[in-house]
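According to TrEMBL:
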BINDING   A:Gly9, A:Thr10, A:Ser11, A:Gly12, A:Asp13, A:Gly14, A:Val15, A:Asp16  ATP binding site
Number of protein chains: 2
Amino acid sequence: MKVVGLMSGTSGDGVDAALVEITRSRKGLDIQTIAFHVLPYPRSLQQRILTASASGSVAEICHLNALLGEWFANAALGAIRTAGLRPKDIDLIGSHGQTVHHLPHGVKDAGVGSIRSTLQIAEPAVIAERTGITTVADFRPRDIAAGGQGAPLTPGVHALVFRHPRRARLVVNLGGISNVTYLPRGKGVGGVSAFDTGPANMVLDGLMYRATNGRVSMDRDGRLASRGKPDGRLLTKLLAHPYLLKQPPKSTGREMFGAPMVEELAAIQEARQLSIETLLATCSRWTAESVGTARRWIQGGIDEVIVGGGGVRNRAIMAHLADVFSPAPVSTFDALGWDSKAFEAVAFAVLAYQTVMEQCGNVPAVTGASHPALLGCIVPGGPGWMRRLKLSS
Amino acid sequence: MKVVGLMSGTSGDGVDAALVEITRSRKGLDIQTIAFHVLPYPRSLQQRILTASASGSVAEICHLNALLGEWFANAALGAIRTAGLRPKDIDLIGSHGQTVHHLPHGVKDAGVGSIRSTLQIAEPAVIAERTGITTVADFRPRDIAAGGQGAPLTPGVHALVFRHPRRARLVVNLGGISNVTYLPRGKGVGGVSAFDTGPANMVLDGLMYRATNGRVSMDRDGRLASRGKPDGRLLTKLLAHPYLLKQPPKSTGREMFGAPMVEELAAIQEARQLSIETLLATCSRWTAESVGTARRWIQGGIDEVIVGGGGVRNRAIMAHLADVFSPAPVSTFDALGWDSKAFEAVAFAVLAYQTVMEQCGNVPAVTGASHPALLGCIVPGGPGWMRRLKLSS
């Protein structure tokens, strides 16, 4: 089955589209990435999404839902074109959508107790209409309805593609935030755990942006950080951050490691006259050490660490990770044949495949859901969609 | 197939749930209403929905989407209980959701032209999770994506249940606004047209509410209106309302026949010292005459008028309709075996049935869509949902 996965992260910088071929074999699912396409949002649209996520009006959400549907459809068509294929060659689309709000801890409401909710937009009916391809979307609300946090959803896919019969693996994603999935030896999702470990690119990018007055948005390849040395005093302070000491399940985000943290670090830098190299080196070490805290909470040892996400290109973090997890080898998604940048989009292609195959996509031990659930809503490509997916004869 | 239809109108007063049994016969679909259940919203929730629809924040929409999912699920469970059945006896739910915004005419957006959108909430994943029943929702966005207005969607169902081989019928719905569906003799959706004709209960209820300082919200059974006589001068003025003269396709709502219209009428009433009975009689006649304007736009004669919606209980409007359409007989949904109040909910049960049966639900000539479309998104009740619906073996 040829499936396009569509993903846009909370940074709202564009849509990732991965076209994969999924084949069922005796050994499980065989997943091959055929094409990867990124459709960046213009700066104005990114700003609009970030604003709408914080304080958008119902009219803006209604409009953006349809507008982003067009962007997501175009991203899918882009990936299909990149592969030299046509929409009629594709069986299915899985779209994460654009998260504009996430209230997984519940908001008290008169008479009904606490209501937990999440809101992803990018209208799947627009995606299905523009492409003619059956589209699965809105994966998170069902896990939330089943008592979970609606996130993370990638650990089930990590288990599917990275779990090893004889090696216990820690899968690390270095995104804005760092998160881990622990995969004990064996198969299936039994014993799998996952949580956010703490800071990653969000802090480092924020410091670069601030230091260059917005001219440079990242320390490419971790070059500046590699030139510096971690400051012991600051590192000790950062490692005492309450989030790192908190027992999972736990998740974090921009409110903890975004702008306020960058401002705090910049103030320390100024007071102690630290160089930007020293500051970035310290935060790279902090990132690696916070990933290392995962060992406190997982049940069992780690034979191998596999790193994905934009942070794999940061040589400073990667060197610190090798040091922190030594003697366990630290490898990358890419070394195992997976494009780090494409993985999240691939995951939503796999989740869509699971939904139409009637396989549950969440890992209850990870999200907190009361049971495995069939995730998402299915928007038919058009009449005959079930026959096209070989779901009916 | 046993299907529950869920509907909550723009007045936001509660959820209507109709449980129907749909059987496919040689003659088409046979639809029997088994139970009807109304779950009214508390006044505070109604107010919250109306406020959110006008100016809600993203956080409020995110929260209300999940909260109303619980209300819709409870309404479905209520209808199932009323029928003496259990959720496992039910095959499917069709949920219209709660419209919180509708921008079918398009909003210009830089670089992408005009974007048309609509937003219904009441999370279907919550409905499916609480009931275990596969739920079809979000019917309107696909018609909009296909170039339509996303509304009205009931005309296709009107054609299915009311179309007569030898009698041309005008189906009238007296809701807040009055709308009509014209069904020429014959079968199918060929030649079917539909549009909003103008004012109905929204104006009459508004006048009562204002005249009684909010103590009475409607002129029950049209009693006061029946005691008055239409004022000729005011009626002439009202019949010249530009909306009545506009050629279809056309649709209208609260912005035209809501509060501003009530205020204008109240000012005239005061200036000319008209009694409330006279005012209500005039507006009842106006309602009937505006429905009568349908004859200007439809292609063909009318053998029979069939009236549904809350207004069927208003004897003043019904008497005026009989007069306006004479000699064509004016009958009601109820006289043909359909509960007027339940019909919209029944319609969404039928639309959900059509979607899982891969039948298109919109009438392109009515909505303006470029083609018939398979409407809605399907949220599986759980693993095995396709076998349960006999869609796969």
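Placement of Cβ uses the backbone N, Cα and C atoms for every residue, glycine included.
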Protein Cβ atoms within 10 Å of A:Val15 (ATP binding site), excluding its own: 29
So around the ATP site, A:Gly9, A:Thr10, A:Ser11, A:Gly12, A:Asp13, A:Gly14, A:Val15, A:Asp16 aside, which residues have their CB within 8 A of the centroid of those CB atoms? A:Met7, A:Ser8, A:Tyr41, A:Gln46, A:Gln98
Proximal but sequence-remote residues of the same chain as A:Asp13 (ATP binding site) (Cβ under 8 Å, at least 6 apart): A:Pro40, A:Tyr41, A:Gln46
My understanding is the cutoff is Cβ-Cβ under 8 Å with a sequence separation of 6 or more in the same chain; which residues meet that for A:Thr10 (ATP binding site)? A:Ser53, A:Thr99, A:Gly176, A:Gly253, A:Arg254
Name the residues of the same chain, 6+ apart in sequence, whose Cβ is under 8 Å from the Cβ of A:Gly9 (ATP binding site)? A:Gly175, A:Gly176, A:Glu344
